[in-house]
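As given in Swiss-Prot:
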REGION    1-52  region 'A domain'
REGION    27-52  region 'Disordered'
COMPBIAS  39-52  compositional bias 'Basic and acidic residues'
REGION    53-142  region 'B domain'
DNA_BIND  59-65  DNA-binding region
REGION    86-97  region 'Subunit association domain (SAD)'
CROSSLNK  LYS140  ubiquitin cross-link
REGION    143-207  region 'C domain'
Amino acid sequence: MTMDGDSSTTDASQLGISADYIGGSHYVIQPHDDTEDSMNDHEDTNGSKESFREQDIYLPIANVARIMKNAIPQTGKIAKDAKECVQECVSEFISFITSEASERCHQEKRKTINGEDILFAMSTLGFDSYVEPLKLYLQKFREAMKGEKGIGGAVTATDGLSEELTEEAFTNQLPAGLITTDGQQQNVMVYTTSYQQISGVQQIQFS
């Protein structure tokens, strides 16, 4: 009898039965699921791999600092915390505008965000003073890229852009009051990282 009891105990332990689940002659078996734990470990590993540092989602601080230096005297200096602050603000601004433009594309069942979507988003979010100069810049940019394509015959990144920006098309997308000047003098500086490489496109200032 003792041997049978030992045998039962051995069998139970081999099946992973703990004493808490043994009651009388009934056994409750809770096998250890190695597959589930393995999947959980895999998920934890993926989660750690997909985590990014906060700085990784921001614009390069060197580019931000270069733009900031253009607005101060040559002898001026910019502290590191000031650069990081502007870096975060600019990155958040880009995300803010792009999110609104993406929502418009989603409503119109389009997958590509174009220049008009960005301008529409800026006007919707209250950045009306930037719409007119950016509209002109976008038009000049497309004309310059068109000219380069005609001369060299090279395929450029703007091939996927939508129809040429016209006054009529833009008026249909934006309220008329948002794309016309209001008589007040406003200085808006438009920066681009590629204007030096494209003929006909320069840094422009409107007043």
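Note: Cβ is positioned from N, Cα and C throughout, glycine not excepted.
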Per DSSP, what is the residue count of the DNA-binding region (59-65) in each of helix, strand and coil?
5 helix, 0 strand, 2 coil
Using DSSP, how many residues in the region 'B domain' (53-142) fall into helix, strand and coil?
66 helix, 0 strand, 24 coil
